[in-house]
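Peer 1: Residues annotated as active site, charge relay system in Swiss-Prot, with sequence analysis given as evidence: Lys84, Ser159. The active site, acyl-ester intermediate annotation in Swiss-Prot covers Ser183 and is backed by sequence analysis.
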Amino acid sequence: MSTPAKELCRLGLREAGAGVAAKAISSSELVEASLARIQATDGKLGAFLAVSADRARAAARAADARAARGERRSELDGVPVAVKDIFVTKGVPTTAGSRILEGYLPPYDATVVERLEAAGAVIVGKLNMDEFAMGSSNENSAYKPCHNPWDLSRTPGGSSGGSAASVAAGQVHASLGTDTGGSIREPAAFCGVVGVKPTYGRVSRYGVVAFASSLDQVGPLAREVGDAALVLRTIAGHDPRDMTSSTRPVDDYLAPLEDGARGLRVGVPREWLSGGLDAGVEAAVRAALDTYRRLGATLVDVSLPHSKYGIGAYYLIAPAEASSNLARYDGVRFGLRAADAKGLKEMYAESRERGLGAEPKRRIMLGTYALSSGYYDAYYLRAQKVRTLIRRDFDEAFRGCDVIAGPVTPSVAFKLGERTGDPLQMYLADIFTITCNLAALPGLSVPCGLEAASGLPVGLQLVGRPFDEATLFRAARALERELGPLPAPPEP
């Protein structure tokens with residue numbers, strides 16, 4: 001008797017892969033369940049910008065043939081996943097959530113897409129996002145907003161909103177997102193899933209539509225810590241096509257997963273719990289810290305004194321890099337072109353005016369101003385100096401602890417439309433996550449409960465030393481094992 005499609009969709013990534021390996025279920029069954037789930041729910045969620053049903057079915061048939069021959073490529077072989085629409089996919093539209101890339105069909109795959117497919121994972125589609133990954137609510141998508149599965153009137157977070165919503169709603173078993181200032185961890189916290197921003201350079205950025213090149217990093221989202229660890233192990237590693245890619249060997253993140261929290265030193269930054277947090281979020285975070293103490297970890301008071309300057313530094317550095325990266329969208333080489341323009345100069349201006357949304361335009365203006373003659377030293381250079389101070393703060397804190405723990409966001413998921421009229425309020429959603437990117441450190445969001453008042457998920461942020469993702473997974477798994485899984489969100 002076959003397993004109902006809804007039950008297949010709620011299987012963990014490794015659980016689904018094990019079922020295919022044991023021939024208890026087929027990849028084709030998993031993919032059909034995923035496609036049916038997307039068809040049934042995405043009209044309300046808006047998590048997908050494109051679904052590649054025919055390609056997914058063909059990949060599933062190939063995975064089933066490999067399983068029949070006993071030639072499975074990995075634990076991911078035959079399992080449905082999806083990727084943020086910021087990764088180029090050969091022959092499949094890639095928009096980065098922007099009208100200026102509407103209709104663009106890349107001639108190649110991003111490295112992370114290649115690695116997923118080489119492992120046998122079945123990519124069923126491309127996920128909704130804020131335009132060029134600029135946003136914290138997914139409301140900056142040029143195509144449609146994405147909704148939180150826990151409450152359709154609320155944001156799933158951004159910019160990887162579709163990546164988090166699709167996993168939380170059971171449309172796919174895992175997804176990929178990007179994180180420039182919190183864009184994996186914030187949606188993961190809002191949607192009650194696990195989200196990982198690896199160390200800068202741990203995962204190749206080749207084939208990722210660039211926002212801020214010194215901050216962007218690729219990472220997984222999944223419903224279980226171990227599943228996220230498996231996906232990261234699959235996509236991590238050196239890539240000669242990315243000059244920022246590290247040659248450091250990739251750890252086996254699954255090996256220490258069940259080692260528990262005993263003996264860990266958990267740093268708690270006093271600046272992160274000294275105000276500005278909603279009461280329900282603070283209560284859940286403090287309860288998670290108490291859980292670590294009960295499990296045998298030692299809580300250590302640490303200080304990150306320059307973290308208060310993180311937002312200011314980030315919103316000088318990131319827009320400066322974005323203004324350079326987005327200069328390539330000129331209507332000449334690819335993407336939208338103002339064909340009715342009279343002359344080259346007008347074509348440049350009109351193509352960008354019609355193709356770019358309000359938030360990219362705002363950040364291009366900010367970045368161009370920060371880099372302009374007479375202001376470079378006063379703004380951009382000073383922001384880079386603050387970045388160095390933030391990195392030194394973390395270095396000093398890690399002298400006395402193994403991981404740093406605190407909130408991911410100041411609040412639970414907020415209402416759609418609540419902050420769109422106030423960009424500064426929107427930017428403050430990333431106040432606890434941005435410093436991790438500025439310091440190039442690995443960070444992770446793991447569910448730590450539901451806020452009592454709203455019943456919405458709260459995430460705990462864990463930050464580690466460079467390239468020590470293994471300790472983050474160990475610490476996150478200890479909490480996950482003790483607290484148990486969150487309930488599934490309501491049916492859309």
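Cβ atoms are placed via backbone N, Cα and C, with glycine included.
Note that this is a predicted model, so its numbers are computed, not measured.
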Peer 1: Any idea what the Cα distance is from Ser159 (active site, charge relay system) over to Ser183 (active site, acyl-ester intermediate), rounded to a whole Å?
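Peer 2: It is 5 Å, counting Cα to Cα.
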Peer 1: Around Ser159 (active site, charge relay system), how many other C-beta atoms are within 10 angstroms of its C-beta?
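Peer 2: So the Cβ neighbour count for Ser159 (active site, charge relay system) comes to 35.
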Peer 1: Using the structure shown, find which entry in Lys84, Ser183 (the active-site residues) has the sparsest Cβ neighbourhood within 10 Å.
Peer 2: Lys84
Peer 1: State the three-class DSSP label for Lys84 (active site, charge relay system), counting H, G and I as helix, E and B as strand, and everything else as coil.
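Peer 2: Looking at the DSSP assignment, Lys84 (active site, charge relay system) belongs to a strand.
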